[in-house]
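Noted in Swiss-Prot for the protein shown:
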BINDING   Lys23, Ser24, Arg28, Ser169, Gln171, Asp315, Lys342  3-phosphoshikimate binding site
BINDING   Lys23, Gly95, Arg123, Gln171, Arg346, Arg388  phosphoenolpyruvate binding site
ACT_SITE  Asp315  active site, proton acceptor
Amino acid sequence: MKRMKLRTNAGPLQGTIQVPGDKSISHRAVILGAVAKGETRVKGLLKGEDVLSTIQAFRNLGVRIEEKDDQLVIEGQGFQGLNAPCQTLNMGNSGTSMRLIAGLLAGQPFSVKMIGDESLSKRPMDRIVYPLKQMGVEISGETDRQFPPLQLQGNRNLQPITYTLPISSAQVKSAILLAALQAKGTTQVVEKEITRNHTEEMIQQFGGRLIVDGKRITLVGPQQLTAQEITVPGDISSAAFWLVAGLIIPGSELLLKNVGVNPTRTGILEVVEKMGAQIAYEDMNKKEQVTSIRVVYSHLKGTIISGGLIPRLIDELPIIALLATQAQGTTCIKDAQELRVKETDRIQVVTDILNSMGANIKATADGMIIKGPTVLYGANTSTYGDHRIGMMTAIAALLVKQGQVHLDKEEAIMTSYPTFFKDLERLCHD
């Protein structure tokens with residue numbers, strides 16, 4: 001088996017980086033553009049494999065989507081403009097694509113089969129199946145947990161519902177709201193903790209109406225959406241890898257340009273500042289929720305990460321775990337059981353990989369206890385098909401002074417950051 005040999009024993013990282021477009025916003029721009037009336041143009045779209053799965057799904061549903069002058073142009077025909085697909089919709093590795101598109105197709109008068117790759121086929125869909133069934137959709141997966149493939153028969157006469165989310169999940173909330181846009185009457189979604197709010201913001205950007213009152217979102221349907229011009233900011237979840245690298249590699253100084261800082265996504269910035277990180281914000285645009293972040297190597301101390309903070313940094317927890325291995329003292333991550341049903345069981349995989357490199361991490365049912373600082377050594381590892389695990393391991397390898405780090409299945413990183421290794425090499429040489 002050929003494994004990728006990762007760069008180790010890096011000197012200070014220096015330079016400026018523009019991370020790819022935000023994955024969450026890219027998905028939603030395509031989804032809402034596909035059912036809005038008129039021509040939607042998207043600048044800065046992430047061209048990773050997950051977003052390409054969403055684009056291909058809508059092409060299969062009869063929507064015309066093409067690239068023109070470095071923009072994605074979507075010819076939306078409204079909610080009535082989708083056609084029954086001639087084939088199965090393949091969502092690849094993308095849980096966002098499957099869950100949000102299932103919500104959207106809930107109000108369509110045709111049936112569809114949705115499949116995914118081996119990793120997606122192990123991710124539970126019961127969380128969207130139950131609320132969509134309550135709205136009148138025939139939808140089912142495999143076993144009680146409703147694993148993909150999903151079979152869905154839409155319903156033009158969807159019923160509005162009031163639904164309290166049993167878990168903190170922006171994907172479930174979004175699936176219900178996309179269905180609610182096609183249901184006659186008032187749908188309410190009540191969250192456990194506030195999760196990323198891109199769907200709510202972008203529905204309004206496309207001319208939709210909803211009311212957000214704390215953890216309660218109210219939407220009266222049916223509604224029509226109008227095409228927009230969207231500019232996608234850099235993805236804070238991708239910027240997180242360089243943020244951490246800059247903080248833990250001695251002598252580093254990096255400028256991360258044009259990073260989206262929607263407040264429902266900035267948990268990682270609060271955590272690293274609490275741990276003692278030296279970071280500064282430049283060219284902050286509060287209206288567009290975009291800033292550049294300057295980061296320099298810092299001496300860090302352990303912290304506790306729990307409660308309402310978790311949904312605001314759920315995707316950044318693997319790289320935060322690496323950060324904690326280099327901080328003085330104990331870092332405790334709690335209330336993060338959702339990590340166990342991501343692309344991998346991220347609690348177990350992060351613990352196993354970093355411990356194999358010399359870290360001191362104890363996995364718990366809902367998180368990790370990490371003692372630092374520890375020296376990291378070479379190891380043979382794998383992404384296990386999880387892009388964020390792959391990038392975490394590549395940043396960890398930069399700290400290794402003894403031994404080699406080999407990574408299997410590195411192609412998983414294409415999911416969200418196709419130019420990751422190119423950017424890494426540049427920062428090591430600037």
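Using the three backbone atoms N, Cα and C, a Cβ is placed for every residue, glycine included.
Each of the binding-site residues Lys23, Arg28, Arg123, Arg346, Arg388 was scored by how many other Cβ atoms lie within 10 Å of its Cβ, and the smallest score goes to Arg123. Under the three-state DSSP scheme, Arg28 (3-phosphoshikimate binding site) falls in the helix class. For the pair formed by Ser169 (3-phosphoshikimate binding site) and Arg346 (phosphoenolpyruvate binding site), distance between Cα atoms is given as 16 Å, rounded to the nearest Å.
Here Gly95 (phosphoenolpyruvate binding site) is positioned 11 angstrom away from Ser24 (3-phosphoshikimate binding site), judged by their C-alpha atoms. Rounded to a whole number, the C-alpha distance linking Arg346 (phosphoenolpyruvate binding site) with Arg28 (3-phosphoshikimate binding site) is 25 angstrom. Arg28 (3-phosphoshikimate binding site) sits 21 Å from Arg388 (phosphoenolpyruvate binding site), taking the CA atoms of both as reference points. Of the recorded residues, Lys23 (3-phosphoshikimate binding site) and Arg388 (phosphoenolpyruvate binding site) place their C-alpha atoms 13 Å from one another. Using CA atoms as reference points, the binding-site residues Gln171, Asp315, Lys342 were checked against Arg388 (phosphoenolpyruvate binding site), and the closest is Asp315.
Residues Lys23, Gly95, Arg123, Gln171, Arg346, Arg388 are recorded as binding phosphoenolpyruvate; their most distant pair of Cα atoms lies 19 Å apart. Listed in sequence order, Arg123, Asp386, Arg388 are the same-chain residues six or more apart from Lys342 (3-phosphoshikimate binding site) with CB atoms under 8 A from its CB.
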